[in-house]
Amino acid sequence: MLKGPLKGCLNMSKKVIVIAGTTGVGKSQLSIQLAQKFNGEVINSDSMQVYKDIPIITNKHPLQEREGIPHHVMNHVDWSEEYYSHRFETECMNAIEDIHRRGKIPIVVGGTHYYLQTLFNKRVDTKSSERKLTRKQLDILESTDPDVIYNTLVKCDPDIATKYHPNDYRRVQRMLEIYYKTGKKPSETFNEQKITLKFDTLFLWLYSKPEPLFQRLDDRVDDMLERGALQEIKQLYEYYSQNKFTPEQCENGVWQVIGFKEFLPWLTGKTDDNTVKLEDCIERMKTRTRQYAKRQVKWIKKMLIPDIKGDIYLLDATDLSQWDTNASQRAIAISNDFISNRPIKQERAPKALEELLSKGETTMKKLDDWTHYTCNVCRNADGKNVVAIGEKYWKIHLGSRRHKSNLKRNTRQADFEKWKINKKETVE
């Protein structure tokens, strides 16, 4: 079991509650219950719910179910705009400060979990003490040869260099740029800032086991269609057609909403056999929703939990008939201790779900494994030996079809060379 709260936040007197979890698990419902109990207001952290209108396909919590609780950073971005994480950070910080100023508790809720990473984890500040780069430094940073940049980083900060593949050009370049601009090794900076939060933050993870969750998600898609989701998708398509968008332009912005791209072939009628069944589009929407939920769980376990050193409380929303006991009352008890500055008496996770946090602990240990493994058998397209970072990826490489094929080829070549030598000796 993971122990110990996350230390080092910048403002211990100001509280923030974060509710993480997959789509359709009940985050909005829980946020209303906590807001009512603790005089809170909700801040949306879902990248699709920031867009105006289309409340059904973006799954905005219905106004009539919000119990008068104010919601911030929601329903304010035009469809023509792309919404970036730096804008979310600005808007979310403004909302948090406003809510705190009025003596209330901000409750951050949403499915775009990387927003939480951007908001709560302190990042490297290169501007406060930024140095002017020399011509030589600029030449190195602008080099198109990954080896030049990587080898320079190895000399300047070997610890941070081990965390990146030599061909990970952009990240290696960024680390070297930080070193040049601050005069400080990025590895030292990251170690100092790794567990710093901007506020005293309680992380709650609302979780449901996959099978019942997926059934609820399928049912939700059916319910959305009954409530008018198809009309909203057609509304989006009308805007899409009027502005002459193409499918290739639908990788960003409002077009990422689940439902639009799944129904686009049906709306355009453009397929190989010119026939698209509405039922197939509905099934694709359900499939993509389930896939999205899987990615969200993976992100929480592999990114969020390691970032906050396991300082998170898991709530079981698997059985909705037990919602009040397993989710609502447990969340209220945890939040009450947190807000009152008392030690939290509740366990991090119910016994049946402890393994989820244990896996997060394993991930944290694995994240510290930055050993470089060089394969003497396999080479990249540029002729260099393949490099794997960390034991996990080394084992994956060793078990890959590519490695096994190269190993067999080398063995056959070695056997052939041995045969030639033996034959030559026999003849002589």
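Glycine residues also receive a Cβ, built from the backbone N, Cα and C atoms like all the rest.
DSSP assigns LYS27 (ATP binding site) to a helical segment in the three-state reduction. The Cβ neighbour count for LYS27 (ATP binding site), using a 10 Å radius and every protein chain shown, is 25. Per Swiss-Prot, the feature ATP binding site maps to GLY21, THR22, THR23, GLY24, VAL25, GLY26, LYS27, SER28; the stated evidence is sequence analysis.
Sequence-distant neighbours of THR23 (ATP binding site) (same chain, 6+ apart, CB under 8 A from its CB) are ASN59, GLY111, LEU217, THR289, TYR292, ALA293, GLN296. What Swiss-Prot lists as dimethylallyl diphosphate binding site is THR23, GLY24, VAL25, GLY26, LYS27, SER28.
Cβ contacts within 10 Å of CYS375 (Zn(2+) binding site), excluding its own Cβ and spanning all protein chains shown: 19. What Swiss-Prot records for CYS375, CYS378, HIS397, HIS403 is Zn(2+) binding site, and it gives experimental evidence as the kind of evidence.
What Swiss-Prot lists as region 'Interaction with substrate tRNA' is 46-49 (among others). Counted with DSSP, the region 'Interaction with substrate tRNA' (46-49) comes out as 0 helix, 0 strand, 4 coil.
Taken together, the residues of the region 'Interaction with substrate tRNA' (170-174) have an average pLDDT of 87. Here Swiss-Prot flags 170-174 (among others) as region 'Interaction with substrate tRNA'.
Look at Swiss-Prot and you will find 199-207 tagged as region 'Core aggregation region'. Beyond the region 'Core aggregation region' (199-207), the same-chain residues lying 6 or more positions past its ends with a Cβ under 8 Å from any Cβ of the stretch are 6, 9-22, 25-27, 30, 96, 120, 297, 300, 304, 308, 311-318, 327, 331, 334-335, 338, 353, 356.
Nonlocal intrachain contacts for the region 'Interaction with isopentenylpyrophosphate transferase' (210-232), taken as residues 6+ away from its ends with a CB within less than 8 angstroms of a stretch CB, comprise 22-25, 53-57, 59, 259, 263, 282, 285-286, 289-290, 293-294, 318-320. Residues or ranges marked as region 'Interaction with isopentenylpyrophosphate transferase' by Swiss-Prot on the basis of experimental evidence: 210-232.
Beyond the ends of the region 'Interaction with substrate tRNA' (284-302), by six or more residues, the same chain brings 20-25, 111, 113-114, 205, 207, 210, 213-214, 217-218, 220-221, 258-259, 262-263, 356, 359-360, 363 to within a C-beta distance below 8 angstroms of the stretch. Summarising the annotation, Swiss-Prot assigns region 'Interaction with substrate tRNA' to 284-302 (among others) and lists experimental evidence as the type of evidence.
What Swiss-Prot records for THR112 (among others) is site 'Interaction with substrate tRNA'. For THR112 (site 'Interaction with substrate tRNA'), the same-chain residues that are 6 or more apart in sequence and have a Cβ closer than 8 Å to its Cβ are SER45, ASP46, SER47, MET48. DSSP gives THR112 (site 'Interaction with substrate tRNA') a coil state; it is part of no helix or strand.
Per Swiss-Prot, site 'Interaction with substrate tRNA' is recorded for GLN193 (among others), and the stated evidence type is experimental evidence.
Same-chain neighbours of the zinc finger (373-409): 162-167, 366, counting only residues six or more beyond its ends whose CB sits under 8 Å from a CB of the stretch. The zinc finger annotation in Swiss-Prot covers 373-409.
Outside the region 'Interaction with substrate tRNA' (46-49) by six or more residues, the chain places 58-60, 74-75, 83, 88, 109-112, 115, 254, 256-257 with a CB less than 8 A from a CB of the stretch. The number of other Cβ atoms within 10 Å of the Cβ belonging to GLY24 (ATP binding site), over all protein chains shown, comes to 23. Summary of the Zn(2+) site environment: with the site residues CYS375, CYS378, HIS397, HIS403 set aside, the chain residues having Cβ atoms within 8 Å of the Cβ mean position are VAL377, VAL386, ALA388, LEU398, SER400, ARG402, ASN406. Between the CA atoms of GLY21 (ATP binding site) and HIS403 (Zn(2+) binding site) there is a gap of 38 Å. With respect to Cβ neighbours within 10 Å, the binding-site residues VAL25, CYS378 differ, and CYS378 shows the lowest count. For the recorded site, HIS397 (Zn(2+) binding site), the DSSP three-state label reads helix.
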